[in-house]
Structures are given as C-alpha cells and as structure tokens.
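To start, the structure itself, in structure tokens.
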C-alpha cells in the first residue's frame, strides 16, 4: 500500500490504510472497495494494539499560507526524500510585496502533498501532525452463548428497556450518524437524571433559556469528548483522515466467495470517564450507506458507551458482543428492516435472543463444510436390503409435511412472496408448456398436442407438489424429452407401429427402471456429483433454449423475409418451408407447416417483411423488458417494496405487455399463432395391440431414457438443495425419484407427455421464495446471497392447478400470445440460468483483461493457467453434449443420456490427472 506521506506521491483517498471507516477530504465517505474479505459465523473485532486509551485531541493544523504569500525553497534544499537529513531544512516566506520572479515556480510545482506535510511539521517544530503511525489489531471473538452466559440475557433484558433506538436515520457519513446517536444517548441520560431528581419550581423565561443553553453546551462537550475516543483522527490543512477506533463485525460463508466480512452492519464502542452507566444505541438507516471499506452497504449501526471503570463481564466489548451476536444473523436483520415502531423493534430483539438461547441448548452452531454436504444427505442406516434411502427421506420430511403448508401464511411478507411466486410459476411453466407443446405437435405430426402437454404439467406438478420429498423442485417437460419423443415417433412410423401404444410401453418401462433405481438407493451416486457436472448441464439447457429461439426467428425470416423478387430457395418447383427445417415454432396455424412444402406462388404470397420484423422486435422486446424489470431492484426508482414487486412480476408483465403489442397494436400484421384445441380425448393406450418384438424394443429405448430421467431429476434436486440456498427441512433424493417414477408411469399409460425436475425453473423457484441480501466484493461487483427460503408446497400446488384451468382458455385467449413472445421467454430463461453459473463466469475470464478479474475465491487459490485449463475441459464436455443433443441424426440423440452420466467418472478419474486435487477443491467443490 502506498504511503500517503511518501515524497513524490500525492495524498489520495485510496492510499489510506484499510479501515472500517475512512473519511477523507473533510469527512466525505470513502467509495473504495473493501481491502480484504474475511468471514464465517463469528465476530471480528478491530481495535488499536495494546490497552485502548482515550484519544487526545490533535493540535490544530498549521496556519495556512495567505494567498498573497509564496512558499519558496532553494533548489538544493527541496524535500525530495524522507531521509533524516531533510529534518533540518528551513523555509522562507515572502510578503505580498516580494517579487514574484524570485520564486522558483518549477521547483515548487513538483512538491507533493506528503513532502509538504513533512516540511510543515519540521518548520513548526511539532511532532503530532503528519506523518504519523497507526497501529491496528484484529482479533476473533466468539458469538455470545445465550444458553449458558448469564450476563448475555441480563444485558438484553436490561438494555432493551433503556436502549436508544433511532429508526430510519438519514446520514451521509459515519461521523454525522454517530453524532446523532451520541446526542440521543446523552440527552436521554440527562432527562432521566433530571426526572429522578427533586422537581424544582418554575423560573422566569430567561433563567430557563440560560439553563437550556448550559445543558446544550455540556451536551456538545460530552459529544466531542466521546468522538475523540470513538474516532482515530489525523488532520493536515483541509484534509482529514478519520476512522472508527474500535469495531466489531461478523464474518460469514458465501458460496461464491468463501469467507467474507459482512458489510451491512457494524458495532462501535468506547469507554468514557464522564459516563456513570452503560449505554446502548442502535440506528437503522433509512437507506444503506457506504461508510468505507468493508462497510459499503451499512443498514445498522450499534453504538456501545461504558464507564472506564467496569469489570470485565460488563466491558464495552462484552456488551457489544451481546448485541453483535444478534445482528450477525442475516435473516433476522431482514426482519428488523420491516419493524415499524421502536416497541416492535425491541420485541423482535428480545424474541430472537430467546430463540438463540433455545437453539444453542439443542446444538452448537457449526459451519457445515460444503464438501461434506452430499455425504450427510445420503448418510443413513443400511439396516434393510432395499428402500433405506426412501425410509430415511420419509423420516426426514414427514415431520415437516404440515409446516410445508402452514409456512406459506406466516406473515404478510411471506404471503406476498407466495402470491408473486405463484404468478411467476404460472407464466414460467405455462409458456414453456405451450412452446414444447407446439414442438411436440410438429415432431409427432399432431399426436402430442399443446393441450396434452398442459394437462400433463397440471397432473405431474400437483402430484409432485403434494407427495414429493422436496416440493421446491419444479416438474416440467423439457427439450431432451421432446427430442426423445420424436425418436419414438420415427421408429413407430418406420416400422408401422401404433405410436401411442409404443410411447406408453416405453414410458412404463422407464417408470419401472426409475422405481428400481429408487428402491436400490442409486441416488447415492449423486454424492460424486460436483459443481462441474451440474453447471455443464445447466449451461447445456441455456444453450438449448437459445438455439430453439434462434431457430424460430431464423425460420420466420426464411419464410416471410424474401428478396426483392419475392423468390427464395426452390427445389424442383417446390420451396422448403421454414417449419420443416426448423421445427414447430414457425408456421403453426397452417396445415402446410406440417406437410413441409409449399408452392412458389404461395411463397411469393407469404413474402411479408413486416411479419419478420415484428417477430424479431417482439422477441427482443420480451427479453429486454423482462430483464429490465428483473433488475429493477438495482434502480433508484420508487421505493424498495415496489421495486421488489416489479422484479417479482417481471415475467408476467413482459409476456402480457408484448402480447398486447403484437396482438392489438399490430393487429393488421398476421403473426403466427399456435393451435390449441378446446377438448382432449384420453384412453388406456398400453391396452392397444403391439407386437412382442416392439415391446422388447420399447424396453431397450427405456434404458437410456431412464438414465436421462435419473440425471436430470437428481441434478435439479442437487441445485435446489445446495448449501447456498440454506434450506432447513432436508433433501429427499430417493423419495423424489420414486414420486417421479410413479406419476410418469401412470401418465404414460394414458399417452400424456413425461415430466421431471427442470432447470432453470427449480433454482428460480427457490430464489422467488427467498429473501436476498446484496454483497459488494473487492471489485465493486454486486452479488446476491440467500438469507432464508420459505419452504412451502402451496406455490407448486396452486400454480399447477391454475395451469390446468388454463385449458379452459383454449383457444381464446391463450392463442393471442404470439410465438415470438414464447421465444423471448426461452431467451430470458437461458439468461437467468447463467447468473450464478461459475462456468459462465470463467468463460468470460478468457476474454477479460487480467486487471479486471473479480476477486473470486478460486482466483485467489488457483493459478490462472489452471483455471483456464479447467474451463477448457468443461467446454469440451459441453461441446460433446451439444454435438449429441443437437445432432440431426435422431438415433445419435440416444447417446446423450449416456454421455451425461459419464460426466461424473470423467470428473473424478481423468481430470485429476491434469489438475491437482487441491486446485480442484477450490474450483469444483460440490454445490
């Protein structure tokens, strides 16, 4: 770190020592990034080395040179270095009448602030101005144990009655806020002493005013004395360096960054001679304030003032540790932000202290190591030959089954979160159902239609939400399942088989295999699943969504955006339709889209450039509007609650708005619409006759299909149950797989499409129900971390019931949703899935200047070359998945589930030969 008093170096704000609070240039708050990020579930105290003593007021800065005077130094005597020989150098001052020509302006212009500070000190003979030394010491202290430390509960009960609370405080810097808190403390202390003394008679107005003035003077003096102790200060001319002398903060674990300092609150304390008892003040700021390094978004400030002569158990540190333990809980801080009155604020503090005591009686809080998480999830007794995992999951989840419903109605904020999540899930699941329904309708020549997909979503979603082990997982049909259905359709057509009968038998065998996997506890294999496997598959899903949207847009341009002659590619007088080349999302309301050909004359009639331009604009507009509203919380508009509401409704608002634009404002442009029949006919399809050899072939197809189900379901479950989401009710991998097997087996018998855990919908469901807290890292990047998640089944049940009721809206008004809006929704899902994808972050590092690298924990522990090698290996695995998943040869797609399953052995057997295990532990720890 540069020394601000080093000759030749200008005195700058970013040259100051790392501090909890740095004020520079007359008390302006620092905007520099934190100097270092520590963390865990403990408290970190910073105080000067040795016994803390009251700070003496520094002498006034040297008198400034009048504007009419000049500071001159001979050339050979300018202070160019901090050598001892420079201490005896003198300076001269010339009056305003001196000749300006005698001043060596060139020599004067190269004097730095540090050199000038050194020169002033020597000239005036004072030793307490710049340069000076600052000694600081960090010490880790444990959280207060409310179950065993008697003093902790006594302090809470006593000081909550007398504590000074300042709610919604306005302040630009820490000095202003601390001064408000000190004045409130000393004024309340004076009023309590005055009221307890003998009540005197009234006096005349002059004496009352004089007494008030005297009180204000004494109050000002006490505040200034306290500030001298609370702050470490150094002054020079108009510059001020100031920081809090003694603070307590918390350090915690963040999945993407490791251990970091919590920058949303701080505790400062001091001991004063003139104070007779201990005082506590808590200020809740109206908006988060940047108070310097490691304190970029402070919302709470805790101030403790104690007498100098107190025993150890009553010291300022012990009292600060008591209240700091309460504020260290990020979930509880979110609740304190919603307190409207001081009494409610105090009640919440008292209740949380009691909860901590009860919790600490049961078990001591320990930080869960991420690499042991999966092992603990599958740690159960193997007393039975089969079904041990299912029994363990039932034992873990049954005790929470009733609370899974009650927790949705705990408080007003929870109810609002549940309502917005239901609406989000309704649109986030219904739109893909329509899109995949259109895709299946095209790939199966109308056998699997939109209304069948919607009905399947309703049955599967409600069933899993009611009986699944982890209700936060979202059931959905996916692109790989649609492609697999296309393979079954082609085989049935090539061999003259009944499609529904063949489809039903494949689904029944797939359900039987999944049931076998669940009974044999094969989900234990997921303990070998790491971040690498899960993020590669999540990236593949994002690529698949993007490819489908691009295909749809390109196909529309190929159909409608003709050249000047209205011509297009022809083949023997016929023109290949965009629907035949690119799938379902192009011409959806015409029979020619299914037939795959049209005449040249028809093509010329369909040459409508306005259709293609509007198609592209609606797709881009849906993406832009949805992403803008999703990030609306980062704007200064409206208030916090309304910004969160806009972010929660980003998806439905964008879909409805762009549908209105495409359907009503541009109603003269004939956009493509999908077909949705108002009825559905179901029958027991596996009862239809099918040759025995075909049934045997259905079993062969079911083997890779079951592997696809196994991997996608368990990866979705792993991403939902990852430690970063802080779920409390436990996982249920085996029970989830059992539920998916049974419900898909039943739906296959009636010719309904299959569903399983979907990405990115499942992690997005968790975030929609979560309270999020923003953190700022060293590079000023804003990261969101989960504080708590409302684990409920209500959102899954209600949203899927509403999706089922949407069948009543077929064809009107569902058909009013333009196809490009669905494509824009695909792109939105692809983008949001990349937000916390570490693989995507490391891909960007390949094109990022090294000076702009973020301070990620793996970049601090792994050589840059190894990071890029690991990223390239993951990209190679992703390329293989895409090569099979998007292969034009239908039978090549059968190898996709096998390659997906082989990701785990590749990670544990081959990659360690290229990258050391200690580096892999930092790069690829389990999620």
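Every residue, even glycine, has its Cβ placed from backbone N, Cα and C.
TrEMBL annotations:
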type	residues	note
COMPBIAS	22-38	compositional bias 'Polar residues'
DOMAIN	386-926	domain 'Bicarbonate transporter-like transmembrane'
REGION	1-106	region 'Disordered'
TRANSMEM	418-439	transmembrane segment
TRANSMEM	459-484	transmembrane segment
TRANSMEM	496-520	transmembrane segment
TRANSMEM	613-633	transmembrane segment
TRANSMEM	645-666	transmembrane segment
TRANSMEM	686-711	transmembrane segment
TRANSMEM	732-755	transmembrane segment
TRANSMEM	867-886	transmembrane segment
Contact between the transmembrane segment (867-886) and the transmembrane segment (686-711) is defined here as three or more C-beta pairs under 8 Å separated by at least 6 residues; is that satisfied?
no
Which bits of the chain, at least 6 residues beyond where the transmembrane segment (459-484) starts or stops, bring a Cβ under 8 A of a Cβ in it?
393-394, 397, 404, 425, 429, 432-433, 436, 439-440, 443, 453, 541, 544-545, 548, 705, 708, 712-713, 716-717, 720-721, 727, 731-736, 739-740, 743-744, 747, 752-758, 761-762, 765-766, 769, 789, 791-793, 795-797, 799-801, 803-804, 885, 890, 893, 896
Positions on the same chain near the transmembrane segment (867-886), where near means CB under 8 A and six or more residues out:
480, 483, 532, 535-537, 539-540, 543-544, 547, 839, 842-843, 845-846, 858-859, 892-893, 895-896, 899-900, 903, 906, 911, 914-915, 919-920, 923-924
Long-range Cβ neighbours of the transmembrane segment (496-520) (under 8 Å; 6 or more residues past either end):
386-387, 389-390, 444, 447, 485, 488-489, 685-686, 688-691, 694-695, 698-699, 701-703, 705-706, 709-710, 734-735, 737-738, 740-742, 744-745, 747-751, 754
